[in-house]
Every structure is written in structure tokens, then in C-alpha cells.
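Engineer: Here's a structure for you.
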Amino acid sequence: MCHVFVKLNTIYTRISSYLASNGSVHRHGQSVAIENRRTSTKFNSQLALLTAESPKDEVVLKRRLGLFSGVCIVIGTIIGSGIFISPKSILEETKSVGLCLIIWTICGLISILGALCYAEIGAVIPRNGAEVAYLKEGIGSVHGRTGDILAYLFIWTSTLITTPSTIAVISLTFSRYFLSGVMGDSYLDCGPSKELVTLFAIFTIRILLFFLSRSVYYLYLCRLFKVMLINVNAISVSAANRLNIIFVICKVLTIMTVIIVGLVRIGQGHTLNLKHSFHGTTTKPFGVALAFYKGLFAYGGWNNLNSVTEELKNPKRNLWLSVVLGLPSVIVLYVLTNISYFTVMNKVELLSSDAVAVTWAQVALGPAVRALPILISISALGSASAILFGGARCCMVGAQYGYLPELFACIQSQRLTPLPGVVLLVGVLAIAYSIPSDLYALIDFFSFSVWIFYGLTFVATLCCKFTKKDAQRMINVPIPLVIVIILISIYLIIVPVISYPSFGFLIAALVILFGLVFYYPFVYRKIKLQLMSKLRRPNYVLFYLI
């Protein structure tokens, strides 16, 4: 018994030393949670005592990110494939150029308000897991069991719906634009076939999974290129910050190319499509609900700044400034990009295009048309890679809370990264969601699900204003504004279902509710299946897990 305990102590010390040398996040509570799942119950109290008595092992994140880095994080996580997917679907729902541009602006304002609410609750509940912790402790401060159930359902929904569907959308976008750029001019005219787009999207996801699952090859490539997209955060926070800034610059330059060409065309008098901009506007008051889904999808990522709050210099100042500087900048870029589209295409042409930016580039850029879709596809690929890896961390947090099987709490022994989730759950489901190849149905499927939990997180923010009055807050959003964003969330959940009932909404609702079937036996009663115990050992060997 003493020998086993010494071995556990050695493993713990090695993990702590590795994390300390790489500037990674390491807290006693989280490491204990991981170790407890790898050891017998007999040693839990001893290992907890060991960590409690070893303050020298504690490593805290250094505050290396300034205001510019915070703004870049906001812009970089938002700008991806959405601005090249959503214009067509928003115009399709609004029926007019003027209302289309208004929807883009309103979606940006909603994102700003949502980001500020997240920043407030993130300071009140500084826990790993973001929405999981906010729901569990925020709503749990009013009713503990309700908070626990909602946190569980968030992990369930994120693992089975929101993360894999987002990866599928971005991968399909990458496939469509990349194929348009690398093939010949005739291929640009006719567009890629649906089957080819789907197959290439699945191939793309499989390649990403390969580099994440085959850890030996992944390590060799990391050593060769020094910095890889998914591994860079494990190497250095500064390197990750610099890489993010480079990607932001590339994304902004791509969009600025579209904007500048559009402004030049306006100066040349190509404004016919912008005249009478409200002609044909939809007369259905609830008809714009799905347009908000598409617009808010393009602004997705506004809730990610909380993950780096501990690394921001002077967070009381830089956190809210990053939001109020970064998101308005994105709003301006998005609105001007859409205006540029309309300097080339009228409503009929834009609605008939499968790749709006490619159609625009054929007229506006001439011989350079093939460069733009390749740049767009690279931007989309970076987003897919980051989300795919982030999905694994969501699975890991869920397992640490006891909401998913213990296997997903394990980490890869050589790089200390949570691989089982990305390979066994998120990646496989992303491939399955890519097969229908219906981008806009996937966006509706994703948006309906994610806004349920956005709304619940805003409710948790409101609860904390009464149950955690004395907590330190970096931002204090007025209660009326929190109520407004809650009402907006209710609108975005209910109205699309009433106005445009679809099979996708029904499936999403059933999947979410079906999670309750597993909550009582496996989370509340903590029943363990023998099958999971038998599956653990092969997976430990396959993924080099600890």
C-alpha cells in the first residue's frame, strides 16, 4: 500500500512540474479531481492531504495579456466563417438590404450585452468550466439540485449538439471555399458539388482528429514546426498570444480587402443595389427570428473572453474595454463587408450564390479571384481546429464534475491534453453532422440549443446579484439590462419554433430532455457500469492516458 501511494505521489509531482515549466493552469482542486478518478477510493483522503500540504506546487497564471491582446482575442474568436455563411440566409429571412444590415447591427449589440453579463458572472464565479460552473453555482445558489441538473444538461448538450454541429458547419464552409479556390475557373462558375463538399469536409475533420489522436506523430510534428495550432497553448502563453494576433491580422486583412474594394466600387457609382434598401421587407414580425440565429452565429465566440480573465493585466479595466472595443470593431467590419457584397450582387444574385464571397470576388477581383476563397478557408480551418480541441476540454470538465464517464477526465500522458473527448465524442459526431451537408439547418439546430443555455446563464447572473451581493465584480451590468438579455434569449428560443417549426428543433429538444434519463442513475445515484470499466484499459493504452 505504501508503494502504491509513493507511486501516486510521483505521478502527481511530475504533472505539477510539467505544468509549472510550461506556464499552464494547475490548481489543487482540479488535479485532485483527475487523480481521484485514476486511483481507488481508499487513497482519496491521502492524496487530498498531500496536495493540501504542498503549497509550493501551486502555479498561478501570470498576467501577460494587455488590452491589445484582449481585443485581439475577442476579434479572433468571433471572426471566422460566419461572415461568409450568414449573409445569404439573413437576406433570405429579411427580404431587404436595409433590414439585413439592421439585423447585423442588432446581433452585434446583443453580443456586447451578453459578453458583459458573462464577464460579470465570470468574476463572481471564477471556476473552470464556464457555463457549467455558472449554472451549477449561480442558479444552484437559489436551488442546488436545479443548478446541478442544468449544469449537467449543458455538458450533455455541448457534447452531443453544439460543439460537433459548429465544427461540422465550419468544416463544410472550409471545404466549399477551399475547393472553389484550388480548382479551375470553370469550377468557380458552377460551384463544388454537394457530395464533394461533404466528403472533403469529413476528410478535413478526420485529418484534425488524426493529429489529435495519434500523439506520437503529433509530437514529431510539433517538434518539427515548434508551434502548432492546437498545441501552442501548452507550449507558451506568449506564443499562443502572438499566434492569435497573427491570425487576427490575417482575418482582418481578408475582410478589409472586401471592404476596401467595396468602398472603391461605391466611389465608382456602383450603388444601385443599395438604393430603396427597404423595398420588399418582410411583413411578418416574427419572420426575422431565424435571421437573428444566422447573425448571432456569425458573432459566435463573444463568450470566450472569460477563459483568459486571470491572464489579463489590470482586468478591472481591460476586461470591459476589450469587449467594448473588440465587438464594435467586428460590427463595423461585418456591416461594411455586407455593403461591399451589395455593390456587386443584387438580392437575387446573392440568394442564388452558394459561396457569397466567391461570387463577389469573380466580379470585384477578376484574375485574383482564387486567392480570396483560399484565405477564407484557412480562416475557417483555424476556427474548426480550435473548437475541436476546446470540445475535448468541455468533455474533460464534464467528467471532472461527474457528468460524463471517468474516461473523459483522463489526459494524454506526454502532452497533458484531454484527447478522449475530442476523438470518441466530438469528432465522431461532427463527421455525422457533416453528412447531410445542410449548413443553415445545422446553424438553426445549434442556435436553438445554445441559446437555451445562454439564457439560463443570464438568469444565473441575475441570481448572483441577490445571492452573492458581496462578491467582487469587475463589471456590474445593471439589472434592467440583464432582464433585457434574458427576454431576448426567450424570444430566440420560442419564436423560431412557433414561426418556423422544423424537425431539427424537435430533435434538439428531445436530445436535451433525453439527458435527464441518464442523470438520475449515473449522476444522482452514481451507478457505475462494468462495461465502462472494461473499456478504460484499452483506451488508456491507445491514447497514452493517465
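Quick reminder: no glycine exception, Cβ is built from N, Cα and C everywhere.
Remember, it's a predicted structure, so these values are computed and weren't measured experimentally.
Features from TrEMBL:
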type	residues	note
TRANSMEM	65-84	transmembrane segment
TRANSMEM	96-119	transmembrane segment
TRANSMEM	149-179	transmembrane segment
TRANSMEM	199-222	transmembrane segment
TRANSMEM	243-266	transmembrane segment
TRANSMEM	286-305	transmembrane segment
TRANSMEM	317-336	transmembrane segment
TRANSMEM	374-395	transmembrane segment
TRANSMEM	416-435	transmembrane segment
TRANSMEM	441-463	transmembrane segment
TRANSMEM	475-498	transmembrane segment
TRANSMEM	504-524	transmembrane segment
Engineer: Restricting to the same chain and to residues at least six past its boundaries, which positions have a Cβ under 8 Å from a Cβ of the transmembrane segment (286-305)?
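Structural biologist: Contacts of the transmembrane segment (286-305) (Cβ under 8 Å, skipping residues fewer than 6 from its ends): 70, 73-74, 77-78, 80, 82-83, 85-86, 89-90, 93-94, 99-100, 103-104, 106-108, 110-112, 114-115, 118-119, 130, 166, 169, 319, 322-323, 327, 330, 334, 440, 443-444, 446-448, 451, 454, 491-492, 495-496, 498-500.
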Engineer: Have the transmembrane segment (243-266) and the transmembrane segment (65-84) got at least three CB pairs under 8 Å, pairs 6 or more apart in sequence?
Structural biologist: yes
Engineer: Restricting to the same chain and to residues at least six past its boundaries, which positions have a Cβ under 8 Å from a Cβ of the transmembrane segment (475-498)?
Structural biologist: 110, 113-114, 116-117, 119-120, 123, 286, 289-290, 292-293, 296, 319-320, 444, 447-448, 451-452, 454-455, 458-459, 461-462, 465, 505
Engineer: Name the range, of those listed as 65-84, 96-119, 317-336, 441-463, 504-524, that has the largest tally of Cβ pairs under 8 Å with the transmembrane segment (149-179).
Structural biologist: 441-463
Engineer: Thinking of Cβ pairs under 8 Å, which stretch from 96-119, 317-336, 504-524 has the most of them with the transmembrane segment (65-84)?
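Structural biologist: The stretch with the most close Cβ contacts to the transmembrane segment (65-84) is 317-336.
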